[in-house]
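Okay, structure first, notes after.
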Amino acid sequence: MNRALAIEFSRVTEAAALAAYTWLGRGDKNAADDAAVKAMRYMLNLIHMDAEIVIGEGEIDEAPMLYVGEKVGSGLGELVSIAVDPIDGTHMTAMGQSNAISVLAAGGKNTFLKAPDMYMEKLVVGSNVKGIIDLNLPLEQNLRRIASKLGKSLSDLTVMVLAKPRHDAVIKQIHNLGAKVLAIPDGDVAGSVLCCLPDAEVDLLYGIGGAPEGVAAAAAIRALGGDMQARLIPRNEVKSDTEENKKIAANEIQRCAALGVKVNEVLKLEDLVRDDNLVFTATGITNGDLLKGISRKGNLASTETILIRGKSRTIRKIQSIHYLDDLYKILNI
């Protein structure tokens, strides 16, 4: 992928983050997401490329912008597949909490798994334990494998888990095994990246989150040499088995079949992201473990962005200063 595109993509997440920031702490996650989506789409359409959204805000009948299959860019130049999550952590943005980021991953045509917006079970580790995880095995066995490979006891292992009611039993199991839990309210994209950074203090991420976030995170994981396995899970197997959830689950299974992917089947990293020629970029909205959040003084705002290129295995942290009046005028905010 053209190196110049990588910088362009970092500008996209910066704009989305700055748009979301206007709704920081205002209690309206939908308004924050809408602002980020509009800014991201506007910036994508300025780029000289022939791109398609493959992971986005939903199907064409569910989302007016950045829907799966939408064409973005000038329509000329390099063929690009794009996975976006304008805000990973909409609730955290609305409530002014930590770890909210804007995310984009890009690769060549057919780089990313095409999957519906549904639940996904994920197990993520860094490069130092690549090749030993197996979602077909019980969690305890995976934890013991990882600890052994790292030369650690289970009591020294740190597992990142989304703090959701569906994970209460998992968190209890990890504690009973003697391992440590780092529970986060949202934002498993940032958590996945953290596991794979060279100076990571987290050994693995495990849990059930969103499939779009899983595919976007897989780009960073592959670029950083980490490992991941995942499994698409119908809604009624995660939430209560109500008639409404069964109906949604049946639709999810049908959509998976149309895309050529099976539910409850283990997907390896190479199934999620098929090529190293990719870019992952994320910009902090609020302060977090991965990135600093936006800081504003009058008309000036500073952002921090991580930019990872798969082919060269480079990790860049970009700190930028933005004149907000000019930017918000362009974005019509």
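Here the Cβ of each residue, glycine as well, is placed from N, Cα and C on the backbone.
Quantities reported herein were computed from a predicted structural model and do not represent experimental measurements.
What Swiss-Prot annotates here:
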- Asp33, Glu57: Mn(2+) 1 binding site (BINDING)
- Asp85, Asp88, Glu213: Mn(2+) 2 binding site (BINDING)
- Asp88, Gly89, Thr90, Tyr119, Lys164, Pro165, Arg166, Asp186, Gly187, Asp188, Gly210: substrate binding site (BINDING)
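Distribution of Swiss-Prot features across the structure.
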residue	record	Cβ contacts under 8 Å, 6 or more apart
Asp33	Mn(2+) 1 binding site	Ala20, Pro86, Ile87, Thr90
Asp85	Mn(2+) 2 binding site	Ile55, Ser102, Val103, Leu104, Val189, Pro212, Glu213, Ala216
Asp88	Mn(2+) 2 binding site	Ala100, Ile101, Ser102, Val103, Asp186, Gly187, Asp188, Val189, Ala190, Glu213, Ala216, Ala282
Lys164	substrate binding site	Gly207, Ile208
Arg166	substrate binding site	Ile208, Val238, Lys239
Gly210	substrate binding site	Asp117, Met118, Tyr119, Met120, Asp188
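Around the Cβ of Glu57 (Mn(2+) 1 binding site), 23 further Cβ atoms fall within 10 Å across all displayed protein chains. Comparing local CB density within 10 A for the binding-site residues Thr90, Gly187, Glu213, the maximum falls on Gly187. Taking the centre of the Cβ atoms of Asp85, Asp88, Glu213 as the Mn(2+) 2 site, the nearby residues of that chain (Cβ within 8 Å, site residues left out) are Ile87, Gly89, Ile101, Val103, Gly187, Asp188, Val189, Gly210, Pro212, Ala216, Ala217. According to DSSP, Gly210 (substrate binding site) sits within a strand segment. Among the residues Asp88, Gly89, Thr90, Tyr119, Lys164, Pro165, Arg166, Asp186, Gly187, Asp188, Gly210 said to bind substrate, no two Cα atoms are farther apart than 19 Å.
The DSSP secondary structure for Thr90 (substrate binding site) is helix. Under the three-state DSSP scheme, Asp33 (Mn(2+) 1 binding site) falls in the helix class.
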